[in-house]
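Some notes on the structure that comes next.
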Amino acid sequence: MENRWQVMIVWQVDRMRIRTWKSLVKHHMYVSKKASRWFYRHHYDSPHPKISSEVHIPLGEAMLVVKTYWGLHTGERDWHLGQGVSIEWRKRRYSTQVDPGLADQLIHMYYFDCFSEAAIRKAILGHIVSHRCEYQAGHSKVGSLQYLALTALVAPKKIKPPLPSVRKLTEDRWNKPQKTKGHKGSHTMNGH
């Protein structure tokens, strides 16, 4: 019988980001209770030796599973030390991988109070609406002018510690272009 391979997307992440993610998840599960329905699985509860943790986030009938890995092959850069994250959406027997932005939107939709564009319609109909968003990471686009005007009236409340964002966890902070202070360019390239 031949080998069958299964390919999955694993976002390379440094271990400090993973530690921060885990501590934020645990804080909001056990202290603030904003994520009390989430389930945290430790590495010693997992049958797979490369999984360092799993966070199971119920989304109605579906579930979002964020797995962190260790002991992976290192990347092309020195700081890619074999740590990674995969994000999976499951419903019954179907599962698919999702990107961090979509994961944050799903978490936002199910768990955190938000003053969204739908709130304008609800307010006109006389329904009680939340006047601020607790989970800013769940918004991927700029809102309408009405939405921006209404949010300008109410300053966003900073939550300490912040809510765990999957997008922030997988953000590539090393490959952003670096800016050097006080240099207009290379002297050899400028001809000076």
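Each residue, glycine too, has its Cβ placed from N, Cα and C.
Small disclaimer: the values here were computed from a predicted structure and weren't measured.
Pulled from Swiss-Prot:
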- 75-114: region 'RNA-binding' (REGION)
- Thr96: phosphothreonine (MOD_RES)
- Ser144: phosphoserine (MOD_RES)
- 151-180: region 'SOCS box-like' (REGION)
- Ser165: phosphoserine (MOD_RES)
- 165-192: region 'Disordered' (REGION)
- Thr188: phosphothreonine (MOD_RES)
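Between Thr96 (phosphothreonine) and Ser165 (phosphoserine), the C-alpha separation comes to 19 Å. Of the modified residues Thr96, Ser165, Ser165 has the largest number of other Cβ atoms within 10 Å of its own Cβ. A mean pLDDT of 77 is what the model gives for the region 'RNA-binding' (75-114).
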